[in-house]
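Peer 1: Sharing a structure here in structure tokens format.
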Amino acid sequence: MHSKTAPRFLVFLLLTLLLLLAASPVASKGCVCKGKGQCLCAGTKGEKGEKGVPGSPGFPGQKGFPGPEGLPGPQGPKGSPGLPGLTGPKGIRGITGLPGFAGPPGLPGLPGHPGPRGLAGLPGCNGSKGEQGFPGFPGTPGYAGLPGPDGLKGQKGEPAQGEDRGFNGKGDPGPPGVPGFQGFPGLPGFPGPAGPPGPPGFFGLPGAMGPRGPKGHMGDSVIGQKGERGMKGLTGPPGPPGTVIFTLTQPYNKSDFKGEKGDEGERGEPGPPGPSGPPGDSYGSEKGAPGEPGPRGKPGKDGAPGFPGTEGAKGNRGFPGLRGEAGIKGRKGDIGPPGFPGPTEYYDAYLEKGERGMPGLPGPKGARGPQGPSGPPGVPGSPGLSRPGLRGPIGWPGLKGSKGERGPPGKDTVGPPGPLGCPGSPGPPGPPGPPGCPGDIVFKCSPGEHGMPGDTGPPGVPGLDGPKGEPGSPCTECHCFPGPPGVPGFPGLDGIKGIPGGRGVPGLKGNPGSPGSAGLPGFAGFPGDQGHPGLKGDKGDTPLPWGQVGNPGDPGLRGLPGRKGFDGTPGGPGAKGPPGPQGEPALSGRKGDQGPPGPPGFPGPPGPAGPAGPPGYGPQGEPGPKGAQGVPGVLGPPGEAGLKGEPSTSTPDLGPPGPPGPPGQAGPRGLPGLPGPVGKCDPGLPGPDGEPGIPEAGCPGPPGPKGNQGFPGTKGSPGCPGEMGKPGRPGEPGIPGAKGEPSVGRPGKPGKPGFPGERGNAGENGDIGLPGLPGLPGTPGRGGLDGPPGDPGQPGSPGAKGSPGRCIPGPRGTQGLPGLNGLKGQPGRRGDTGPKGDPGIPGMDRSGVPGDPGPPGTPGCPGEMGPPGQKGYPGAPGFPGPPGEKGEVGMMGYPGTTGPPGLPGKPGSQGQRGSLGIPGMKGEKGRPGAKGERGEKGKPGPSQTTLLKGDKGEPGLKGFVGNPGEKGNRGNPGLPGPKGLEGLPGLPGPPGPRGDTGSRGNPGRPGPHGMPGSMGIMGVPGPKGRKGTSGLPGLAGRPGLTGIHGPQGDKGEPGYSEGARPGPPGPKGDPGLPGDKGKKGERGVPGPPGQSGPAGPDGAPGSPGSPGHPGKPGPAGDLGLKGQKGFPGPPGSTGPPGPPGLPGLPGPMGMRGDQGRDGIPGPPGEKGETGLLGAYPGPKGSPGVPGAKGDRGVPGLSGLPGRKGVMGDVGPQGPPGTAGLPGPPGLPGAIIPGPKGDRGLPGLRGNPGEPGPPGPPGPIGKGIKGDKGFMGPPGPKGLPGTVGDMGPPGFPGAPGTPGLPGVRGDPGFPGFPGIKGEKGNPGFLGPIGHPGPVGPKGPPGPRGKPGTLKVISLPGSPGPPGVPGQPGMKGDPGPLGLPGIPGPCGPRGKPGKDGKPGTPGPAGTKGNKGLKGQQGPPGLDGLPGLKGNPGDRGTPATGTRMRGFIFTRHSQTTAIPSCPEGTQPLYSGFSLLFVQGNKRAHGQDLGTLGSCLQRFTTMPFLFCNINNVCNFASRNDYSYWLSTPALMPMDMAPISGRALEPYISRCTVCEGPAMAIAVHSQTTAIPPCPQDWVSLWKGFSFIMFTSAGSEGAGQALASPGSCLEEFRASPFIECHGRGTCNYYSNSYSFWLASLNPERMFRKPIPSTVKAGDLEKIISRCQVCMKKRH
């Protein structure tokens, strides 16, 4: 019934019941009798009665059946949101997702390297013979053949007729010769003069893209700064319609629905600050425990710009920049200056023209050979022709002549103009000229023609002689012809300047030459030696009248003391003195002993002067030492004024000049003169070529024009050190550039010299400038005459370290005469640094008492050249040496260096005040100052109107530990707790005392059925046991499980089986038991108890704690009442094992055990004996493996010729034919652009372009990130945060007091299966089982190796099968062939498939008894035997010397460290810390010998790839080495070459008798070595290091390498494959810190420690070695 009809049906029932009830009383009123007797009222229906009173409500009916399901009601209003649920526990890790879809195909890879060449293919079959081809085209005429060999030598000709005049007679002209071969191209001529400049060319097309650059530096894996906020994006498309959720608070009205949510509006302006909220609820007055540090907050807003920071340290290497665009092509260069004319060739007319020879190969220019020995004297030549001879060289200047007679008076005062002087040396650069007018814009022109060749360079130093060549083979038939000349070679490099040859033997005297032309006047000669005194001269002419006497001069300096005069004559007796006082009367004593000699008496008064003695003639005494500076004399009275002189009346006519006086002494150096005007130098007519002057005496010529670029010369030998350059002027401070990578720039081109400037006023003495750059090495000068000794110069930089000289002091020689001054030697090479001494014991702070002077030491080796000392006082003049021999006149020396300034003159009078000086140049930027003190706290900044939520502040420091609370009173006993959980097993108690040995036990009862044992772990094969006694024959075992497939044994002989037929298949095995539950991990060691904290607030009741350990026994209480019966006690500790009991009865047979693991495959069995013939045929064999393909047979004989076949398929493409004849010209092709060609190879590298125009100004660079700003004021209170994650579990509570043992509970549920028990002893042998069913047929075994067959001829391996061809038409049968040669035996085929079973054969006869079988496998292990008696005492072990325990010690200096006492060195080397290749680091343990490489290089490794290619130092890999305390250079430039040696630490590998370990204290105290260990060294605990790309490695703390003897914040240096090393700011070292033991298990306090206090926070350590006993 439908649900709609159910209510109608109920209404119908109710109406029916009401009608029935209403009808019953109406029926009794229908018939009324009114006294007329009995009426029969049957059948009359009365009227309808009145409506009755409604009856009382009936009882409720029975509960009806549930009606059908009603219609779904309307959706109710949404309920109010529920309270947020608690955060659920962390979910279980989800199942690993399905593998993702395959990604889009990657970009095509770069083409791989060409693979290695494949193996040669197998030789193909011989093809069939082809048909005869068409005749070929006639070939092109061949090249002319080589000339044939020379013909036989002709007969000797007749003698020529001619006159013997020294000329060869010239014959008649011969017949015209055969035209010669075409000559080979001659050497290229000299370049012609430059043509006129061409018109400007068009701009060239841009060049092809260059090859990919080398791999850049590895970037550091650092996170970049947060980028700037991007611009607001465009409004996105409208999203999908959202779900509207709202809460009805009033009757539902459809009109209350809102439309869809509009797009998100633009961000509004910040609103005004809201009113301050009500105070929050207080949840307890106590401050909570500090929370865990929160997650990292969002990055803060940019603060106000700070003050400019100081210049930062050098930054890390940046990422490699993007590749720049190609620069604009440079402008066309200027036309080069014209070159010098080429060498002049002279034509000698007297040479006879020879026959035309074959052109020879032009040989390369050989190196200049050494001077040969002088040849024998030649035959005297015939008299020379009277041609003018070459001008001889200018002779040496003659000696100074004696003084000539007085010459006649000169005629003119002014002489004729002298010859044109040499051009002066270039003056100092002049001031910069005014800016020029702007130049015209010129188009870029193509580069000009090459200029003329430049001057020929000086000849180079001769190269070293090559090794001696192999002796050539003797020439047997030398009919060789010179080959055609090759292409002319490049001109050879100029040879190195040769060593001057020895003096040659004087040649024979030549014929007298014709007189030469007048030579140039010679240079002024050097002053000659002082002549002997001349004869007395004639009386001189009357001098001119004397001048007036001048004013008296200033008193001179005090003179040197004079020589000691001769003794004067003794003076006369002195005058009589006055009478003395009266003496006391003397006692008459006896004569005394002679007294000692008295002291010398005082000098008497000086006597009167004696008469003058005769002049002394003693030898001249040595001048005394220079006296001390005298006291300046008293200023004398001013002298009287002299008379005014008469005016001079002399006329300008001078008298005749007097004789030249003797050369005066050199006057003091005058002031520098003013520069003269620039002289005009009209060029004179060119004179004849002069002869070469004295070598190196002429003035240097003007610089020649720039020559063409020569071929690169060989590397020259190092030049002599140049003079120290003058200090350069300080440059203008440049704008600070962006931080660049250190690079090596190319040297700039030298500028042109400026015009000479006027001499400026002398400035004040400036500070000493930085040393200038070293000058270019000068050409070494010839030795000049010794100048006067100069004052010591400025201290020079120390010379390069020389190699250590061998210093063996010889016997002392006699004093030699003073030698001549030798030439200055080259500075010696730097000696090796001596080894570093062992560190001494630290001395006390006080200085000790000075010791006695030691004995004089042996003279030491000469030390290194120190820096020149300060200027010393002038020394005393030395003894005059004997006159040297007269030397040869030296070459004209170069002008000497400027002498030192003279002694200061007396101070002049004060000059007038000078004019105002030019303002000085801007000083260089000072070094950044030291970091200032922290400033006072600033005022609060202006309030921000937008009160956005501030960033989360950094966690505050941990508060101090509070004082411990007072001890509380003892509490009342608590209520008994609920029944505790089952406790964890307690810790094992201490072992009890050993029990008495038990008596021998009774035999045990049979045990219960054991559980099936679990499978044991496969044991290690034990050692081979002794051979046991022969056991009784065992019962037949069960058939074993199928083993792993062993290797296929040799094929046995065909066996026999007696009537075994396959049984039915066995039942399916039992399902295996569930796997074991894993073992519970061991309990960790309890930590030490922490300090008691202050009492916290009452916590919520905790969850029931884990039962505690049993407490210690308390004090004895009062005797209690007798207790109830106690609970059973815990089991006692296990006693000692009793004697073994009697063997128990055998238990019932256990259940079937699990299947054991597969056994280790056994070795292949030996070949069995041939079985006897069986009675029944065996079962059907397994199908054999198909046999290998047989060898190819010998080809058969040829058959009869077949019929002509149908035309076959088109054959493969034939080889290319010969070139055809040229065809007729084709029609003009259509102009269709072809497809774009492949990309060409990258072009050759072009010449560098000229510099482009300056680019536009770059963007304004951002400054370096400033220091962290000061902490701002606290932000407004943040909104309440979301509920945090569930905190970590708290620390375990203190152990509770142990509860009373509970009443024994109900038996628990069955427990989990227990931990897997140990393997039980093997059970006794069970009864023999029934034979098992035959297992299923196994898979066929692997194919056996082919047997060895002796074949007659080994056929080649067959090639791979070709593609099957189309079947051809069937040909006619050929003729019968001859029988073929039998082929070699093929290899044995694989066994064929099993044949169908044959019919059973007849029963065989009974076989003989089989041979004795081989020894069976060893039986089960027996029970362990009884304990044996103790053995005899062994011999004591012998000690050894060194056991080969290796460790490495690093000095962290350039000294090689010594091995500690008791160890010996193996080798020394350089300290390698770690390497980094392909951005991955690999470290070395500094305690092992792998960290001590015997050779140092900045790139000690290379890398190889799968293409058999290895690359060395060709990409950006690194190596890191322990470094020394040497400071890095001031300019932070990378270090390379020999300059690296002072930066690399040395190391020694040592061998000791025992193991070496490192012990770390984690404090600043040095830890002691363990007992019976000795100390090797002490140091600092080094644990880890990182550098480029945050890659690095670490040290094992047990290794001696973790204990470095010296602490450095930067203990290692970074080196690169390009040969440079440096320290970089991203290198970090990690050390163990020193810890306060009271701070364990607490939050570490952050701190920063600066240099000077670093050793106070580093853990100390000691390396120890076990003692030898």
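Glycine is no exception: its Cβ is also placed from the backbone N, Cα and C atoms.
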Peer 1: Select from 29-42, 1457-1470, 1583-1596, 1639-1652 the stretch of residues annotated by Swiss-Prot as region '7S domain'.
Peer 2: 29-42
Peer 1: Tell me, from C1547, C1550, C1661, which cysteine Swiss-Prot puts in a disulphide with C1603.
Peer 2: C1661
Peer 1: What else in the chain is close to the region 'Required for the anti-tumor cell activity of tumstatin' (1609-1627), if you only count residues 6 or more beyond its ends and a Cβ gap under 8 Å?
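Peer 2: Long-range Cβ neighbours of the region 'Required for the anti-tumor cell activity of tumstatin' (1609-1627): 220, 222, 313-317, 742, 1452, 1473, 1498-1499, 1513-1523, 1528, 1532-1537, 1540, 1543-1544, 1582, 1585-1588, 1590, 1651, 1654.
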Peer 1: Here are the disulfide-bonded residues: C1492, C1550, C1569. Which has the lowest count of other Cβ atoms within 10 Å?
Peer 2: C1569
Peer 1: Work out how many Å separate C1504 (disulfide bond) and C1615 (disulfide bond) at their Cα atoms, rounded off.
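Peer 2: Distance between the two Cα atoms comes out at 21 Å.
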Peer 1: Go through C1510, C1547, C1603, the listed disulfide-bonded residues, and name the one with the sparsest Cβ surroundings, counting other Cβ atoms within 10 Å.
Peer 2: C1510
Peer 1: Could you give the number of helix, strand and coil residues in the region 'Required for the anti-tumor cell activity of tumstatin' (1609-1627) as assigned by DSSP?
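Peer 2: Result for the region 'Required for the anti-tumor cell activity of tumstatin' (1609-1627), in helix, strand, coil order: 0 helix, 8 strand, 11 coil.
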Peer 1: Say we define neighbours as other CB atoms within 10 Å of the CB. Which of the disulfide-bonded residues C1459, C1615 has the fewest?
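Peer 2: Among the disulfide-bonded residues C1459, C1615, the sparsest Cβ neighbourhood within 10 Å belongs to C1459.
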Peer 1: Quick check: of the disulfide-bonded residues listed here (C1492, C1547, C1569, C1615), which one has the Cα closest to that of C1661 (disulfide bond)?
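Peer 2: Comparing Cα positions, the candidate nearest C1661 (disulfide bond) turns out to be C1569.
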Peer 1: Across the region 'Triple-helical region' (43-1436), what does the mean pLDDT come to, as a whole number?
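Peer 2: Summarising the region 'Triple-helical region' (43-1436) by its mean pLDDT gives 58.
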Peer 1: Which of the three DSSP states, helix, strand or coil, fits C1603 (disulfide bond)?
Peer 2: strand
Peer 1: So of C1504, C1621, C1661, C1664, which of the disulfide-bonded residues has the fewest other Cβ atoms within 10 Å around its own Cβ?
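Peer 2: Among the disulfide-bonded residues C1504, C1621, C1661, C1664, the lowest count of other Cβ atoms within 10 Å belongs to C1504.
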Peer 1: Calculate the distance in Å between the alpha carbons (Cα) of C1550 (disulfide bond) and C1569 (disulfide bond), and round it to a whole number.
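Peer 2: Here the two Cα atoms are 20 Å apart.
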Peer 1: Using DSSP, what is the helix/strand/coil residue split across the region 'Required for the anti-angiogenic activity of tumstatin' (1478-1556)?
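Peer 2: Breakdown, helix to coil: 10 helix, 29 strand, 40 coil.
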Peer 1: Measuring Cα to Cα, tell me the gap between C1615 (disulfide bond) and C1664 (disulfide bond) in whole angstrom.
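Peer 2: Just about 33 Å between their Cα atoms.
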Peer 1: Of C1492, C1510, C1547, C1603, which is closest to C1664 (disulfide bond) if I measure between C-alpha atoms? They're all disulfide-bonded residues.
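Peer 2: Smallest Cα separation from C1664 (disulfide bond) among C1492, C1510, C1547, C1603: C1603.
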